[in-house]
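S.K.: Take a look at this one; I'll ask things after.
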Amino acid sequence: MTTPALLPLSGRRIPTLSPGASSFPHHRATLRLSEKFILLLILSAFITLCFGAFFFLPDNSKHKRFDFGLEDVLIPHIESEKEARHSSRQVIHGVGMMKHAWDSYRQYGWGHNELKPIAKKGHSTNIFGNSQMGATIVDALDTLYIMGLHDEFKDAQEWIEQNLDFSVNAEVSVFEVNIRFIGGLLAAYYLSGQEVFKVKAVQLAEKLLPAFNTPTGIPWAMVNLKSGVGRNWGWASAGSSILAEFGTLHMEFVHLTYLTGNPAYYQKVMHIRKLLAKMDRPNGLYPNYLNPRTGRWGQHHTSVGGLGDSFYEYLLKAWLMSDKTDTEARKTYDDAIEAIERHLIRKSNGGLTFIGEWKNGHLERKMGHLTCFAGGMFALGADGSPDDKAGHYLQLGAEIAHTCHESYDRTVLKLGPEAFKFDSGLEAVAVRQNEKYYILRPEVIETYWYMWRFTHDPKYRQWGWEAVQAIDKYCRVSGGFSGVKDVYSSNPTYDDVQQSFFLAETLKYLYLLFSSDELLPLENWVFNTEAHPLPVLHQGNITLPGSETQR
């Protein structure tokens, strides 16, 4: 698919309209009704041709096709022709940003895990070990496919077929490799039907299984892909594993068992759940640290941001992914959220709802950018919440979205800081220098998207568009997109890293925000914490051990 060029204007870049829309006259009132109808038909046909045929598994797939709900992928819901032109322009702009990020990586960092867009060379961090595993390629697969960038998708598939090798002497993060690689490969398989992605996902999963060889079955944070030797991060409390890491394996491992028939994956993650269910929880809260040797909590630090966040997300999504049959997961989620609301959620003097962090009996009035995903989680979990509290949780999601937007709006660059405080007269503002950076994170935009899907309040698209403009103005460089070190500085310096999650999450959520609800409907798809969509396992498709319905 050819993407219209992005034209510079006064130092910023703005999108041209789609081919059908570029000739629209400015004064629509002069058009006759029939001409309006014809133009809408042309615009709809263009979008349908671009996107409408890309979302089916091939007929020769070995596995039963899901009802993906992608048959009617059209332009976003429209109230008027003006809105149609505006939304399609924003969709095209998102594709253009993805093209710039991908093409830059393709040119300067191909095969490396990530890209240094200013130095124009490859980049990697210790979460991927010391080898070139093409993290950006795997993480971006489904975004390329969803956006209709099929030439780029084929290039990525070819590299994976020829170069992606997990028999390497590399120590990797079990959590990061699971959510980015296994999640990315599974999503690409379900979207495209290409068998290679499933094969690679299973190969990698086998390499991660030795991490579970601990006295408790709680996995190590890191594992050597060649030797199978595991260990924990040196900085984690007394050799502990981290709640958000061992608690964010469930979705991918259940799908691995579904696709392979091997019960080992399912059993590993269910064992984690059963162990946690037996443990005492201070004030009903889950501490972020658990020792895999002793089975005891580390320091009593609870957070819905880093170290804790996606554990809660996966409880809810396990229920959704099971077609709402995994009631144990839902009950565990509801109990956890009730404790979080009682002990961690507060309202600032200025009326902003925020989620603090519990540290040894004290509430720290600080919220991280990572915590901003929770607005979307509350909205996603509203339906099915106990005691008819659906409206309450949808409202709570809206309040968190508003607070996180304020953290963006109160900066010079209109991009949110890594963490922000609610005390000493300062609200939704970073205080420490080492919390003022923005590394292309997606969580705020993720919440905008969920809130848009559930409310269709136009402010969420407006806020998303503000973020698009800020990212394009301050993070785009000639060699891709870079994070910035201080969102309060009018002359920001770059961190020179194009994170793989920028392509997997940030750009995908922005694209979905301006697309139709029929694109990846939430009744049929559940997004892993890296924004990789996995299909709901409807009862008729379930092949999990102990399930009543067998294939």
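Cβ from N, Cα, C; glycine included.
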S.K.: Using the record from TrEMBL, pick out the residue from CYS404, CYS475 that is joined to CYS372 by a disulfide.
M.R.: CYS404
S.K.: Could you state the whole-number distance in Å separating the C-alpha atoms of ASP309 (active site) and GLU443 (active site)?
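M.R.: ASP309 (active site) to GLU443 (active site), Cα-Cα distance: 11 Å.
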S.K.: When you measure from the Cβ of GLU443 (active site), which residues in the chain that are at least 6 apart have a Cβ under 8 Å away?
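M.R.: Result: HIS369, LEU370, THR371, CYS372, PHE373, CYS404.
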S.K.: In angstrom units, rounded to an integer, how far apart are the Cα atoms of GLU418 (active site, proton donor) and GLU176 (active site, proton donor)?
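M.R.: That separation, Cα to Cα, works out to 19 Å.
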S.K.: Please report the distance from the Cα of GLU176 (active site, proton donor) to the Cα of THR529 (Ca(2+) binding site), rounded to the nearest angstrom.
M.R.: 10
